[in-house]
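TrEMBL has this to say about the protein:
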SIGNAL    1-18  signal peptide
TRANSMEM  32-53  transmembrane segment
TRANSMEM  92-110  transmembrane segment
TRANSMEM  122-142  transmembrane segment
TRANSMEM  148-171  transmembrane segment
TRANSMEM  192-218  transmembrane segment
TRANSMEM  230-248  transmembrane segment
TRANSMEM  260-278  transmembrane segment
TRANSMEM  313-331  transmembrane segment
TRANSMEM  381-401  transmembrane segment
TRANSMEM  421-440  transmembrane segment
Amino acid sequence: MHLLQASCLCGSAPCILCACCPASRNSTVSRLIFTVFLFLGVLVSIIMLSPGVESQLYKLPWVCEDGVGTPVGLQGHIDCGSLLGYRAVYRMSFATAAFFFLFTLLMICVRSSRDPRAAIQNGFWFFKFLVLVGITVGAFYIPDGSFSNIWFYFGVVGSFLFILIQLVLFIDFAHSWNQRWLGKAEERDSRAWYAGLFFFTLLFYALSIAGVTLLFVFYTQPGACHEGKVFISLNLTFCVCVSIIAVLPKVQEAQPNSGLLQASVVTLYTIFVTWLALSNVPDQKCNPHLLTHLSNGTFLAGPEGYETHWWDAPSIVGLVVFILCTFFISVRSSDHRQVNSLMQTEDSPPMLEAAQQQQQVACEGRAFDNEQDGVTYSYSFFHFCLVLASLHIMMTLTNWYKPGETRKMVSTWTAVWVKIGASWAGLLLYLWTLVAPLLLPNRDFS
């Protein structure tokens, strides 16, 4: 009996969910469990930001030390407690990123579940959890030194790439949504599906216009905040341009499924990223989320002690979007070859005699191995996406604040430019998907 329990604990992915899930693909279950590992890291990071836990972090050796290693307490207006929470998030992110990067290297070129490494991907969950715990414990004893500053730039690059991945997922979702509803409208000869597409397209554009209006109201001032005005105006102009291009006759002829629904989703996401960028502007006149405080309780604007909390509106919305996109990566392969090629996934291979392919496991799970003839996603690339996700959530929970030389977290223009650059790169990527069939007519973009 104990042997069976141990086998179920340390065996394949289907066995983990043997009693609580309907028939599931082995590939999907494994991705979900790895995603749960990531979410556990996110939960620990959030807990580390709570005031009660921050007070306990003083006991760790890297916390608030001066040049000779002597622990120091609150100095003037410096909120050392907030600094501790952010530095703890950095280490938790380092642990999860290192864990998934290890699997990124380990799973390179796995072609099917017959590869011995596939057993590691789809099983031994208890031992993998112990590895993650071990890396996490070690990360919390890394001497601070320049670690936080260096890891900040890793987070910047990783978050930039993950923002682009999020945009690809949103475009793919809107494309599949548009195609599915158009198909139902033709099958049932009903205009209700067309009305539904029109309603949501109009809704997304209305939300985008409302978002632009709010950005001008709260993140700009007359005679000031010129950078914010330029960013908002440029992104609005770019969104209008790609929306027009999406419905041009030549584009529609080359891509009949292209339409305003996808363009409206891209527009709304671009305005969202612009909001995230402006929430990091290091000027209180142009950023209502930025507060400063002095030891006497007064609040002032300036660079002398930014105070922020990860649970402000941009961070909360960013966390929700992160969770949705990460879950989306775990459970879905696209219906479109271009997205599958980019995301290193593919449609599941035909399952001949699926009943006979049910995996023989001790706990009689109802999940089955659907990758004997070939994997349905790149194991290595999936883990690399989780590395980027770990870095992105680190930047989200810390508001993209950079550890300063004077022991405070400071908002920088780096965060602003990275997010604005990501929004422009995303728009260029979407524009390329529209015009590529016209520029390269000899290639198959169906």
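Counting begins at 1 with the first residue displayed.
Here the Cβ of each residue, glycine as well, is placed from N, Cα and C on the backbone.
All annotation found in TrEMBL is predicted automatically rather than curated by experts.
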Interface present between the transmembrane segment (192-218) and the transmembrane segment (260-278) (three or more C-beta pairs under 8 A): yes
The transmembrane segment (92-110) touching the transmembrane segment (313-331) per 3+ Cβ pairs under 8 Å rule: no
Long-range neighbours of the transmembrane segment (92-110), counting only residues six or more past its ends (CB under 8 A): 34, 37-38, 41, 44-45, 48, 117-118, 120-121, 131-132, 135-136, 138-139, 142, 151, 154-155, 158, 375, 379-381, 383-384, 386-387, 390-391, 393-394
Folded-back contacts onto the transmembrane segment (381-401), same chain, C-beta under 8 angstroms, at least six residues removed: 31, 34-35, 38, 41-42, 45-46, 49, 86, 89-90, 92-93, 96-97, 100-101, 103-104, 107, 154-159, 161-163, 165, 279-280, 289, 306, 308, 310, 312, 315, 318-319, 322, 326, 329, 343-344, 409-412, 414-415, 418-419
